[in-house]
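What TrEMBL says about this one:
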- 264-273: compositional bias 'Basic and acidic residues' (COMPBIAS)
- 309-321: compositional bias 'Polar residues' (COMPBIAS)
- 316-423: domain 'Cwf19-like C-terminal' (DOMAIN)
- 442-531: domain 'Cwf19-like protein C-terminal' (DOMAIN)
- 258-277: region 'Disordered' (REGION)
- 291-321: region 'Disordered' (REGION)
């Protein structure tokens, strides 16, 4: 078997060639051969002259073929005599201002030198929108283009932190280039390396396709590297193995890791497209919707069109009630003796005729029909209640199953039912839902963990949705008839809670005094976990 070649990527060298190459030699002596070193950020610095002269004149030689990006400031432009790329010294090659480098192994490496400029033409140490457009056009016009193996830029892409963990000390609002974001979104690199911020940041991998709407594609990984020899000992060298995309089995190429997230750039791209029609107060996750009525995945701009009116989209508000509502907190219809917690935007109530005594509902105080209709403030509090209920039930040796049926209902009801941890695993629960869905010819699809339901259903879409306290989710787009008590039937089945006699809530109804007693007991036990009491 042929070993997979290993590569190294490096952040800002800033002229510290001896420090860099000494480290590279140490890595090679310990871990074996690396076939190339890719350098992003500032390769030269203000004190480069003495060290560089030894390599430039051939007195010293880089221990590994080294490929570098161009200048990021006026002071270092003179080190790069040919804008189209050239050999700077033995084993050190300047790639050029922009283009595609294809190594003998078949790797496709796209590169863009410099920092973003609004000027046209851009200075010698910068790139403009025209430069990025030319690079995109040259690559996207390639027959059967699927993406590139590696993208090298000096600036970070703007918005890269969306759907991922915090970037720490880096100010996400000030960091990065929008043009680089646009380039990364179009070229779909499997690895994207950048520098300039003197920080190490490895983002969770993100997907390049729309879940449930497009065929799976490979994932992308963004890695920012710190400066060479930094005193904080932040990571500036990154070793990785990669088989060229062109040589990979298609099924292996598109495998999705467990921690994959949504694409961080689609949100900003859609915002730019619809900037004129979007309200500034609109929450990011709702800036586009997927048209589930079409066989191919398309993003539908949230501009109010195709929804029966031509008015600009407004911030989310509560729906208009068309009749008596049993769940609006201000309604006289609400059975208030079942309420166990009241927050600012949501409340908890025991289910009437619950499957179990601790079967609870999460409900918005205002009138919202479904999760995808909720405002950002309500979503935030729903998330808090989920977290509190998870901790509460786990303290009792249980895990919860949550489901929502947005079909023949007026007010959002998130049904939360606990299942003993030692009774079944989360995989057992998923398999039971999927098996019973198949029996009834219901297509129940798994949504990746880091996805959000607002990205697979738009307001007004009938759907059924299941969520485990692990974050795993199942989704069904209702297109015709749907059994109203499907979620309850599955949980009551012999495979899970083995309570078939309680599948129908009407057969589980208790008297008001008994219900009130259950509410008092739940409220007492839940009190240590109830964040609303600490507000």
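Each Cβ is built from the backbone N, Cα and C atoms, and glycine gets one as well.
Unlike curated records, TrEMBL annotations are generated automatically.
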Composition by DSSP (helix, strand, coil) of residues within the domain 'Cwf19-like C-terminal' (316-423): 26 helix, 30 strand, 52 coil
Number of helical, extended and coil residues in the domain 'Cwf19-like protein C-terminal' (442-531), per DSSP: 36 helix, 15 strand, 39 coil
Across the domain 'Cwf19-like protein C-terminal' (442-531), average pLDDT on the 0 to 100 scale: 89
